[in-house]
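Peer 1: Can you read through this structure? Questions will come right after.
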Amino acid sequence: MSGGKYVDSEGHLYTVPIREQGNIYKPNNKAMADEVTEKQVYDAHTKEIDLVNRDPKHLNDDVVKIDFEDVIAEPEGTHSFDGIWKASFTTFTVTKYWFYRLLSTIFGIPMALIWGIYFAILSFLHIWAVVPCIKSFLIEIQCISRVYSIYVHTFCDPLFEAIGKIFSNIRISTQKEI
């Protein structure tokens with residue numbers, strides 16, 4: 001193994017491999033291999049969802065959390081029969097629960113489809129139209145900003161500096177006459 005050449009068991013000569021540590025995608029180095037296996041990429045399309053906590057970012061805490069007590073309340077001194085109050089509570093709660101389930105069954109998947117398309121369009125436009133347009137504008141505006149900077153430093157700075165020197169020697173004194 002001298003001069004950058006390797007000899008295999010059959011006596012054939014070959015050049016030094018480009019990377020002796022192994023394949024750049026599957027390293028032979030054990031420590032390197034452990035680092036690669038530790039870094040797992042999580043795909044947003046295959047992640048598991050939490051069926052218990054369905055609002056982990058608390059988007060709807062102050063808007064949708066409406067209970068019976070938030071909508072219907074009887075002030076002190078004006079109470080209906082206890083049975084009516086219990087039946088009203090049960091009716092409200094069960095109706096809200098099942099009607100929400102019915103609406104989400106009928107409209108949930110179509111609305112998810114519509115919002116998925118909408119946000120896909122927004123993402124597409126942002127990635128392929130908005131950001132390139134802004135970058136293009138910033139590149140084009142640099143030329144104008146350089147010309148403007150030269151104009152300001154050449155004409156405006158000396159003019160305003162001269163005006164400042166003229167007015168810097170003006171002294172105002174006030175006197176009170178009684």
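Cβ coordinates are placed from backbone N, Cα and C, and glycine is handled just like the others.
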Peer 1: Pick from 113-124, 149-160: which stretch is listed in Swiss-Prot under region 'Interacts with SPRY1, SPRY2, and SPRY4'?
Peer 2: 149-160
Peer 1: Candidates are Tyr14, Tyr100; I want to know which one Swiss-Prot annotates as phosphotyrosine.
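Peer 2: So the answer, going by Swiss-Prot, is Tyr14.
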Peer 1: Annotation phosphoserine per Swiss-Prot: which of the candidates Ser9, Ser88, Ser168 has it?
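Peer 2: Swiss-Prot records phosphoserine at Ser9.
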Peer 1: Determine the Cβ neighbour count for Lys57 (ubiquitin cross-link): the number of other Cβ atoms within 10 Å of its Cβ.
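Peer 2: By my count, 6.
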Peer 1: With Cβ-Cβ distances below 8 Å as the criterion, list the same-chain residues six or more beyond the ends of the region 'Interaction with CAVIN3' (82-94) that contact it, or say none.
Peer 2: 67-68, 71-72, 74
Peer 1: Could you measure between Lys57 (ubiquitin cross-link) and Lys47 (ubiquitin cross-link) for me? Cα positions, answer in whole angstrom.
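Peer 2: Spelling it out, the Cα of Lys57 (ubiquitin cross-link) and the Cα of Lys47 (ubiquitin cross-link) are 16 Å apart.
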